[in-house]
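As structure tokens, the structure follows; a few thoughts come after it.
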Amino acid sequence: MAKVYYEKDVTVNVLKEKKVAIIGYGSQGHAHAQNLRDNGFDVVVGLRKGKSWDKAKEDGFSVYTVAEAAKQADVVMILLPDELQPEVYEAEIAPNLQAGNSLVFAHGFNVHFDQVKPPANVDVFLVAPKGPGHLVRRTFSEGGAVPALFAVYQDATGVATEKALSYADGIGATRAGVLETTFKEETETDLFGEQAVLCGGVTALVKAGFETLVDAGYQPELAYFECLHELKLIVDLMYEGGLENMRYSVSDTAQWGDFVSGPRVVTEDTKKAMGAVLAEIQDGTFARGWIAEHKAGRPNFHATNEKENEHEIEVVGRKLREMMPFVQPRVKAGVK
């Protein structure tokens with residue numbers, strides 16, 4: 001079982017007298033910066049010129065280029081997209097790191113897969129809230145918190161663990177609990193969850209269910225409601241109280257169908273396929289493929305995205321959602 005740390009375990013905040021540079025001001029960046037500031041930390045924001053720069057200024061932060069922010073900071077938290085981090089790190093952060101500094105991440109991908117190679121004289125750790133930035137900020141403002149993970153990759157100063165817990169405490173995570181892990185475990189489980197269940201697995205299951213009904217002659221609108229729209233109702237019940245809560249809340253007919261039909265859809269062969277996905281994450285096959293795809297300009301990424309967006313379930317869904325003004329996406333969908 002994971003070891004969990006709480007507020008009572010952070011007896012001395014070793015970062016309170018340090019300057020923290022938040023690199024990036026998106027979903028996580030704005031939450032980390034504001035929570036740390038509210039907890040008395042000295043925070044600056046490092047960005048390239050653009051909308052995020054203006055937003056951070058409006059929110060009252062001193063904003064600098066990434067290089068300028070890194071140069072003056074004791075702690076550098078990189079909250080940029082995975083694929084952008086190596087280039088920004090090499091060009092703007094690495095030349096400005098000093099011995100004893102802390103290099104911090106919210107995901108271990110680039111360190112674990114050797115895309116970012118920190119010098120031996122800095123501490124390297126991650127603090128990863130298990131929720132989106134807006135939730136990290138809102139719960140903090142309400143006196144609560146989102147749980148987080150932390151891991152130490154490199155302890156150059158002898159107090160990297162204390163620094164990691166101090167940072168987690170600064171964003172409020174110790175109110176809920178901070179689980180200790182490793183860069184390897186955080187990275188591999190995160191990627192597996194995305195690919196086999198949360199994104200890849202769910203979208204494949206939803207499309208397969210939709211196509212099965214439509215191919216059998218049922219109206220696509222009904223197939224959409226049954227296989228995609230109502231998924232939120234079930235996921236919310238699971239989110240609130242696990243599988244037990246979901247099964248308690250649905251009809252007995254639905255629960256019995258769960259018991260007798262679920263294992264026929266997700267079979268032992270499915271688990272073997274999941275094992276193959278995990279193996280490709282563990283041996284670096286997935287990471288190498290994604291890095292190569294990004295460096296090539298993402299031709300397959302964009303082509304697949306365009307094709308998927310025109311699947312019948314998407315065409316039908318767009319029309320049906322016009323009937324439901326209460327269903328609004330948090331962000332406008334489009335090509336990244």
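Glycine residues also receive a Cβ, built from the backbone N, Cα and C atoms like all the rest.
As recorded in Swiss-Prot:
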- H107: active site (ACT_SITE)
- Y25, G26, S27, Q28, R48, S52, D82, E83, L84, Q85, G133: NADP(+) binding site (BINDING)
- D190, E194: Mg(2+) 1 binding site (BINDING)
- D190, E226, E230: Mg(2+) 2 binding site (BINDING)
- S251: substrate binding site (BINDING)
- 2-181: domain 'KARI N-terminal Rossmann' (DOMAIN)
- 182-327: domain 'KARI C-terminal knotted' (DOMAIN)
Listed in sequence order, residues with CB under 8 A of G133 (NADP(+) binding site) and six or more positions away
G26, S27, Q28, G29, H30, A31, H32
Spatially, and counting Cα to Cα, which of the recorded positions is closest to E226 (Mg(2+) 2 binding site)? Options: Y25, D82, L84, H107, D190.
D190
Can you tell me how far the Cα of R48 (NADP(+) binding site) sits from the Cα of the residue listed as 'active site', in Å?
21
Nearest of the binding-site residues (Y25, D82, D190, E230) to S251 (substrate binding site) - Cα to Cα:
E230
Residue pair D190 (Mg(2+) 1 binding site), the residue listed as 'active site' - Cα distance, angstrom, rounded
9
If you count the other CB atoms within 10 A of the CB of R48 (NADP(+) binding site), including all protein chains displayed, you should get 12
Among Y25, G26, S27, Q28, R48, S52, D82, E83, L84, Q85, G133, listed as contacts of NADP(+), what is the widest Cα spread in Å, to the nearest whole number?
20
Can you tell me how far the Cα of L84 (NADP(+) binding site) sits from the Cα of the residue listed as 'active site', in Å?
13
Report, in whole Å, the straight Cα-to-Cα distance of E230 (Mg(2+) 2 binding site) from Y25 (NADP(+) binding site).
34
Candidates D82, E194, E230 (binding-site residues) with Cα within 10 Å of H107 (active site):
D82
Let me check the 10 A CB neighbour count of L84 (NADP(+) binding site). How many other CB atoms are there?
13
What is the average pLDDT across the domain 'KARI N-terminal Rossmann' (2-181)?
97
Within 10 angstroms of the C-beta of S27 (NADP(+) binding site), what count of other C-beta atoms is obtained when all protein chains are considered?
17
